[in-house]
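Heads up, the thing below is written out as structure tokens.
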Amino acid sequence: MNSVSFEDVAVNFTLEEWALLDSSQKKLYEDVMQETFKNLVCLGKKWEDQDIEDDHRNQGRNRRGHMVERLCESRKGSKCGETTSQMPNVNINKETSTGAKPHECSFCGKDFMHHSSLNRHMRSHIGQKPNEYQEYEKQPCKRKAVGKTFSYRHCVRKHERTHTGGKPYECKQCGKAFIYYQPFQRHERIHAGEKPYECKQCGKTFIYYQSFQKHAHTGKKPYECKQCGKTFICYQSFQRHERTHTGEKPYECKQCGKAFSCPTYFRTHERTHTGEKPYKCKECGKAFSFLSSFRRHKRTHSGEKPYECKECGKAFFYSASFQAHVITHTGARPYKCKECGKAFNSSNSCRVHERTHIGEKPYECKRCGKSFSWSISLRMHERTHTGEKPYECKQCHKTFSFSSSLREHETTHTGEKPYECKQCGKAFRFSSSLQRHERTHSAEKPYECKQCGKAFRCSSYFRIHERSHTGEKPYECKQCGKVFIRSSSFRLHERTHTGEKPYECKLCGKAFSFSSSLREHEKIHTGNKPFECKRCGKAFLRSSQIRLHERTHTGEKPYQCKQCGKAFISSSKFRMHERTHTGEKPYRCKQCGKAFRFSSSVRIHERSHTGEKPYECKQCGKAFISSSHFRLHERTHMGEKA
């Protein structure tokens, strides 16, 4: 008897003919083709296994054969017991270049080119998973049923690799290996810069089809959550959302046990263990673990600020900064801490705050072992080891380790103060400064030290205070080895080596190393002394001066020398005294190399080289190097004895 192939008995339609059939006729056609195929299988016909996951390898593969394979996979089993992994390479529907999609989903109305695609899609509605995975032990006859089910047989084969650890697809450029071909193919696009999916409406291109689908201008969101009614463009987003209701976290890290609801979050987390940085900047060569970080970094080169506020026109590099800014107009704080009820204007700030309750610090520095509550803090900390300063000011070309430091610096050029207190009208350069200021009105101190109970308005002050208990000094000067508790103190100290004076008085042109010194100096021009002692009425230029002065009334001397027991009103005098014991002379003259205990002493000494005499007597015109010599001279006019 001559062999009969499926092609011999199959009935074919063109797309035009198929479009003329009604739904009952299409259903009848499907049933007949399925029954025909069952009969051929029962006659003992066998075909080579078609590995569906490698469909991409044969670009000319007949789509109709693919459709039959899917169609036949959907049945629960054949009567004669033949395995359905043996599929024919046959034709059912002919595909034309018209782009017509004749198959419509009766649930959501989505259209498909092939019946097999519709069939697969329908399973997302009804939850059908006919293929069951069974894990085999070493003995061929003995098996233990895991019971995990899959919609398609090729998914079973893919799943088996998660048990065997097989990763057959390896990137030739970076050596990364993949279980499945599709992720491997997507990964290769990162190196090539290929973006094959282009939006016909706006021309924007995408590496991944899923990103392209999400971008679509149709506004169609066919996937609706039954619990909250939220709708989604793509099924994967819908699936991820459902897990927020169920709390399911199916992706678990084998190294630390942390679980994730989304595979992308899981893969990103894995890089914290492996140190993998697959995203490399072509301009500066810097590599990144995360695509989002890479995209943000590219904006530092291009200057692009894609997020613009519609109310005030201010533009931002990052969506998080933009969202936080938008809320400053409304005053809304929609994110509330479940433990203490504190509200925040961003979800990120809320998550970070919640870690202060549980003490979680999942990010650890590989160099020094210090751990952090969030990844950005770890990355910022790592720069203290590497000295990296990736953020550059376009006006003066000064570089910074942190984007926040760059933004703060940029306001020194513009003078902009966009954040205004609604209670007193005071304006600030930074939202964090405004938040701290607002607490002076509310007296709120949300950060409490567990060791001594002292509370703080600001998280940064709280962290610095904690170091007074631990003795930690994470900031080390590479030139002299001196260590500091605060990054601000460290940066100020660096200027003693560089001689940098970035703060200039607009009235007289005098420059200062520190902004506080400039502010104090400016008060000399205005004569303003805003800080008045309530006991004696004496007024001061600076708040620090009045605090020290008040101690002369109370007798408080909080700084005591451990070696000799002598106590001091101020920390600066205490530190100066300590040097009499240690012999430390950290301030060195650049011209002659002479070292001094105090910065004031080296400044006075340097004038002996420059000839500068800034203190001039108004009565006789004589000038002096130091203020102390000048004061002694003044007494000669007054008849005083020194």
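Glycine residues also receive a Cβ, built from the backbone N, Cα and C atoms like all the rest.
Note that this is a predicted model, so its numbers are computed, not measured.
Here Swiss-Prot flags 4-76 as domain 'KRAB', drawing on sequence analysis.
Per Swiss-Prot, region 'Disordered' is recorded for 77-99.
The compositional bias 'Polar residues' annotation in Swiss-Prot covers 81-99.
Summarising the annotation, Swiss-Prot assigns zinc finger to 141-163 (among others) and lists sequence analysis as the type of evidence.
Among the features that Swiss-Prot reports, zinc finger is placed at 197-217 (among others), with the record citing sequence analysis. Listed by sequence, the residues of this chain that lie at least six past the ends of the zinc finger (197-217) yet keep a Cβ under 8 A from its Cβ atoms are 186, 189-190, 233-234, 236-237.
Per Swiss-Prot, zinc finger is recorded for 223-245 (among others). Across the zinc finger (223-245), DSSP helix (H, G, I), strand (E, B) and coil residues number 11 helix, 4 strand, 8 coil.
Beyond its flanks by at least six residues, the zinc finger (307-329) meets 296, 299-300, 345-346, 348-349, 403, 418-419, 431 of its own chain at Cβ-Cβ distances under 8 Å. The zinc finger feature in Swiss-Prot is assigned to 307-329 (among others).
Long-range neighbours of the zinc finger (363-385) within the same chain, counting only residues 6 or more positions beyond its ends whose Cβ lies under 8 Å from a Cβ of the stretch, are 272, 275, 352, 355-356, 401-402, 474-476, 487. According to Swiss-Prot, the feature zinc finger maps to 363-385 (among others).
The zinc finger annotation in Swiss-Prot covers 391-413 (among others). If you look at the zinc finger (391-413), the same-chain residues 6 or more away from its ends with a CB under 8 A from one of its CBs are 300, 303, 317, 380, 383-384, 429-430, 502-503.
Nonlocal intrachain contacts for the zinc finger (475-497), taken as residues 6+ away from its ends with a CB within less than 8 angstroms of a stretch CB, comprise 384, 387, 464, 467-468, 513-514, 586-587, 599. Feature annotation from Swiss-Prot assigns zinc finger to 475-497 (among others).
Residues or ranges marked as zinc finger in Swiss-Prot: 503-525 (among others). Remote same-chain residues near the zinc finger (503-525) are listed as 412, 492, 495-496, 541-542 (criterion: CB distance under 8 Å, separation of at least six residues from the stretch ends).
Nonlocal intrachain contacts for the zinc finger (531-553), taken as residues 6+ away from its ends with a CB within less than 8 angstroms of a stretch CB, comprise 520, 523-524, 569-570. Summarising the annotation, Swiss-Prot assigns zinc finger to 531-553 (among others) and lists sequence analysis as the type of evidence.
With DSSP states grouped into helix (H, G, I), strand (E, B) and coil, the zinc finger (559-581) comes out at 11 helix, 4 strand, 8 coil. Summarising the annotation, Swiss-Prot assigns zinc finger to 559-581 (among others) and lists sequence analysis as the type of evidence.
Sequence-distant contacts of the zinc finger (587-609) (same chain, at least 6 residues past either end, Cβ-Cβ under 8 Å): 496, 499, 576, 579-580, 625-626. Taken from Swiss-Prot, the feature zinc finger covers 587-609 (among others), and the record attributes it to sequence analysis.
Confidence over the zinc finger (615-637), given as mean pLDDT on the 0 to 100 scale, stands at 88. Per Swiss-Prot, zinc finger is recorded for 615-637 (among others), and the stated evidence type is sequence analysis.
With DSSP states grouped into helix (H, G, I), strand (E, B) and coil, the zinc finger (363-385) comes out at 11 helix, 4 strand, 8 coil.
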